[in-house]
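Residues annotated as transmembrane segment in TrEMBL: 232-250, 270-288, 308-333, 345-369, 424-445, 478-496, 502-525, 537-555.
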Amino acid sequence: MNGLRLLSVDLNSPHLRNWKGCDHWIRSRIMDLRKRTKQKIQAEERCGGNKLMTTTRSYVLPKDKGKGDGGDDVSAFAESNACSCSGIRSWCPWRRCISMAAGLLLAGLLGLAQACCVNAIHENLLWFSQLMEVQREISFRTECGLYYSYYKQMLQAPSIQQGLSDLINDNLTESRRTINLLQRMNIYQEVFLSLFYRLLPIQTYLEPIYFYIYTVFSLQAVYVIALYLTAWLLSGSWLAGALAGVWYILNRIDTTRVEFTISLRENWSLPFLALQVAAITCYLRPQLSILQQVTTLYLIQVSSLLSVWLLQFCNSMILGSLVLSFIVAVLFIRHCQTGLKTGNLLTRLIKLLLHSIMVLLLTFTINYLTKKALRLQSDEHIFKFIWSKFGLGPTRDFDASLYLCEEAFGLLPLDTLERLAASFLLYPYILTLLLLCGTLAAGAVKNLSRRSSGSAEEKNEVVELGEHSVLTVVRPDVAYNMMHTLFFGLVAFSTMRMKYIWTGHMCAVAAYGLCGTEVWTLILTVLRCNSKTLIRLLRYSVPLVLMACLYYKFWPKLKEELSELREFYDPDTVELMTWISSKTPQHAVFAGSMQLLAGIKLCTGRVLTNHPHYEDKELRDRTKQVYQVYAHRSPQDIHEILLSLGADYLVLENSICYERRHRRGCRLRDLLDLDNGHIMDGPGDNDPDLVAASHPRFCEAIKMDLAEYISLFTRTFENKTFHVYRVKKKRRKSTKSWSESSGTQ
């Protein structure tokens, strides 16, 4: 009923009281008319006729007309707005049930199609079903292998209790440290999956690795269904949900990367984020009348964060999160600062600006004090990255440079927008965003300029467009999704890797724009050809024609992609993992790159010095120390570093030592040289404060088998990609002799 003007008549008007013989009839007639109009609106809403904006005429009983004219006006209004309510009651529930059943069935089919699609592509990329177990595990690259290793560890444990105990008191992930993995990392997914696999009677016909990947692919079905429901709730038509699901599947390159990064946390979190957006959209569908509905959402978010904090053994990083500080700041400022809607428009705008500034200042103040009190440094590398990205911080910081030099953390490339435009997704999205954000802004200005004690008539904000009027009361669920997609878009444009939280929601917003009534109403009103019949024709015909075009354009490409067969091929890594499993002690400690060590832990179960889960200050320091093997350092320095970390073996990779993938200044060896104050290799400029290194690059010099290297390291394995060296331990006698000679000198 947003913005719909009901019949506005003052029953105590002297004009009505002076109408002899008609007073009682007119009063009863008007009350009956209001009741029937309300019933009609409710029936239309139940049948999916919710509208954000409506073009209406104002029917007001004239004050200066005679009896006959007044009676005709009331009768005409009654005839124009009356509907066969008995007919609606008889067939609308059945129609609604059938439509809902068909919509839910289609949602399930689209979700199933997405899950089957990514599973087929994953199988075709690797020929996964024909791989050996070690090859399957190697396919879990970088941190994916680390997360999956805990699922494997839980399954190999003699009991559930022992498995949980090993995770809580883990001394394999980081050498010479015992850490609580359930506190440090978000791996409850792996824990619950291992429990389900143990308890469900599926071990005889489903391998553990397939149970894991099928679960992740099933979450893609949940993701599509959540987007489908969001578009359906916004537009009132499940045709919008179908279009959103089709767009998500066809834009798979830009909406998900699950088929080759199965274990990444985003593949677990994004489906539930989409479900949260759908749930909040459903919650906000009724017209908000009091702020306590919004307060409920804030409290739910706080409760969820505190629940995660408890489940992760009081992880201080959650208490130091910006979102928690923001919610506390918002609730506090809103409680203290009242009277925002008093005064003229300029006064209200100034108050709103001050309110926003106070919220932001209090947010950062609370966050800063919380981190100082908890001595929290786990996420400081994220802020270093942000400051450096926008030129607000040092550009030589090693941790920040690791992110800045990766393409995934750069700006969103333009070819992404070209692909989205090729699937006809970008244009309706931009049109919907511009029109509805403009409407939202106009409604906000009207709301700010409205008197706080205005009547019900004044609370219907209207933008005049010629002879027509378009109500600009934006539904709370629409406003919420508009703000969401704007924020997601800004994050995606700033960091390419974050585009996956935007493109999925983008599908739902664009589908809502085409299948809802709001955008068409605005367009047709401007064109002076607005009618319910034309709006209904457009909101159903245009999506159907668009889906036909998408089928004609993309179905052959999709069939070709699903039929393309490839094969996993990485013999050097397979050879390395096989050698480690068979030729090294079970508790040997390995040092190397973060990405490789995650695979070593998964495939061999050996102890690591460092790993890709970067949210720990001490681990970041460890990683930089281990990476000195690719810098200009003496063999004695490297030997001391590795011994301090308890390393037994060092794995060097030619792909890092002789890296050519990144430009000069972004290669790992360049980042280490800059951090150490050394001049970078190769032609190019160097900062004036950099000096030439006094030692050769360790990863290159050790291969020359010089005496000073052989005395500290022994080569134990070698192939085209990897070189493994055993770190010799210091002998007590040698240490004593060195001490005596030093004392003599």
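Backbone N, Cα and C define each Cβ position, glycine as well.
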*Who are the chain neighbours of the transmembrane segment (537-555) in space, where the CB to CB distance is under 8 Å and they lie at least 6 residues beyond its ends?*
235, 237, 239-240, 242-243, 246-247, 250, 423-424, 511, 514-517, 520, 524
_Could you check whether the transmembrane segment (232-250) and the transmembrane segment (502-525) come into contact, where contact means at least 3 Cβ pairs under 8 Å with the two residues of each pair 6 or more apart in sequence?_
yes
*Cβ-based contact of the transmembrane segment (424-445) with the transmembrane segment (308-333), 3 or more pairs under 8 Å*: no
_At a C-beta cut-off of under 8 Å, are there same-chain residues at least 6 beyond the transmembrane segment (502-525) that contact it? List them, or none._
51-55, 223, 227-228, 230-231, 234-237, 239-241, 243-245, 247-248, 251, 254-256, 270, 274, 277, 420, 425, 428-429, 431-433, 435-436, 439, 465, 468, 470, 478, 481-482, 484-485, 488-489, 491-492, 531, 534-535, 538-540, 542-543, 546
